[in-house]
Amino acid sequence: MSEHIVTPEDASAAPAIKSEKINLLDLNRQAMREFFKTLGEKPFRADQVMKWMYHYCCDDFDEMTDINKVLRGKLKEVAEIRAPEVVEEQRSSDGTIKWAIAVGDQRVETVYIPEDDRATLCVSSQVGCALECKFCSTAQQGFNRNLRVSEIIGQVWRAAKIIGAAKVTGQRPITNVVMMGMGEPLLNLTNVVPAMEIMLDDFGFGLSKRRVTLSTSGVVPALDKLGDMIDVALAISLHAPNDEIRDEIVPINKKYNIETFLAAVRRYIGKSNANQGRVTIEYVMLDHVNDGTEHAHQLAELLKDTPCKINLIPWNPFPGAPYGRSSNSRIDRFSKVLMSYGFTTIVRKTRGDDIDAACGQLAGDVIDRTKRTMRKRMQGEPIAVKAV
């Protein structure tokens, strides 16, 4: 059965979905077992249903043939499996696919990036973003709300269903998930962590913890909490070799400076097995802003005590941005300086930029309700880790 993609016209015409049924996509395995316990069922029934949901992308209880008819009927009365719908699809000349996914009356964006040996899905965690990184299109849209567990894992579910339906086209199944889409994942831990647990669960998508990566700009208290909650690979959105530059392009640095951030990163490395002893440093290359050889020397000195590999990211432009992309020659010189210090340094290949699906280009459709409030809190009061 081919996967239906809802048109924007369909989405705008459809009434808002209001249901008192439990959306099983909101439940990790522990919560799923608790739910089945309330139905008077044994825990293995939860495992059976999860296997149908995630191994087969099944959202119809009647298709779950190893579940007895009485239980299927009971589930239809009190529960549902409802993933967010794709309302627009764009395909890049390089094979990258970007989906606009409806979450309520707004959209987030999810990107599928196939390569020879893997297929990576870039997943959003919030509707918009409050951190206001100056080089990122998402940040310019403002912030509306956190995504629910079902809206996060639902992006993976929906993509897996589409790619599965497209097997005849030779598309690779999803092998890696990166929490690098719209939003700051650490500002939505309550929903991001259960979603990642489902990604890792053998009855969920069964991914290795080394193949699920969370990227953060540096919400230090939440990073410390993350290390006590789950073990996944970590990517650090650093982007500057000193506080002066980072204060300007990554404003959260005014609250949690580089020294404080990297200390938290080292604490996480000490707790984590997924990172194999080192994290990934993400560094966007902005022409004559942070890409000089002097900046490379500063960065190498800064990171000497942090086990890491470094990804240099050619900046991807968006309308109204005040920056330019570093030239290949400047990126090459920068990379060679870092390698001379012994750092593994990779220049990230730009994918999907012809459909605005590249790093920093995701925008979605955001009603900005809380951006100014979050800005004030970043400048003064501590940022709380909030749920939906």
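Cβ atoms are placed via backbone N, Cα and C, with glycine included.
Over in Swiss-Prot, the protein carries these features:
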type	residues	note
ACT_SITE	Glu109	active site, proton acceptor
DOMAIN	115-354	domain 'Radical SAM core'
DISULFID	Cys122-Cys359	disulfide bond
BINDING	Cys129, Cys133, Cys136	[4Fe-4S] cluster binding site
BINDING	Gly183, Glu184, Ser215, Ser237, Leu238, His239, Asn316	S-adenosyl-L-methionine binding site
ACT_SITE	Cys359	active site, S-methylcysteine intermediate
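Between the recorded positions Glu109, Glu184, Glu184 has the most other Cβ atoms inside 10 Å of its own Cβ, all protein chains included. Each of the recorded positions Cys122, Cys129, Cys133, Cys136, Leu238 was scored by other CB atoms within 10 A of its CB, and the lowest score goes to Cys133. Among the recorded positions listed (Glu109, Cys122, Cys129, Cys133), Cys133 has its Cα nearest to the Cα of Asn316 (S-adenosyl-L-methionine binding site). With Gly183, Glu184, Ser215, Ser237, Leu238, His239, Asn316 listed as the residues that bind S-adenosyl-L-methionine, the site has a largest C-alpha separation of 19 Å. Cα of Cys133 ([4Fe-4S] cluster binding site) to Cα of Cys122 (disulfide bond): a span of 19 Å.
In sequence order, Val108, Ser124, Ser125, Gln126, Val127, Gly128, Cys129, Thr138, Phe143, Asn146, Leu147 constitute the residues six or more apart from Gly183 (S-adenosyl-L-methionine binding site) in its chain with CB-CB distances below 8 Å. DSSP assigns Cys136 ([4Fe-4S] cluster binding site) to coil in the three-state reduction, placing it in neither a helix nor a strand.
All protein chains included, His239 (S-adenosyl-L-methionine binding site) registers 25 other Cβ atoms within 10 Å of its own Cβ. DSSP assigns Cys129 ([4Fe-4S] cluster binding site) to coil in the three-state reduction, outside any helix or strand. Less than 8 angstroms from the CB of Ser237 (S-adenosyl-L-methionine binding site) sit Cys133, Ser215, Thr216, Ser217, Gly218, Val250, Glu282, each of them six or more residues away in the same chain.
Looking at the domain 'Radical SAM core' (115-354) alone, the prediction's average pLDDT is 93.
Cα-Cα distance from Glu184 (S-adenosyl-L-methionine binding site) to Cys122 (disulfide bond): 13 Å (rounded to the nearest whole number). His239 (S-adenosyl-L-methionine binding site) sits 23 Å from Glu109 (active site, proton acceptor), counting Cα to Cα. Counting Cβ atoms from all protein chains shown, Asn316 (S-adenosyl-L-methionine binding site) has 21 others lying within 10 Å of its own Cβ.
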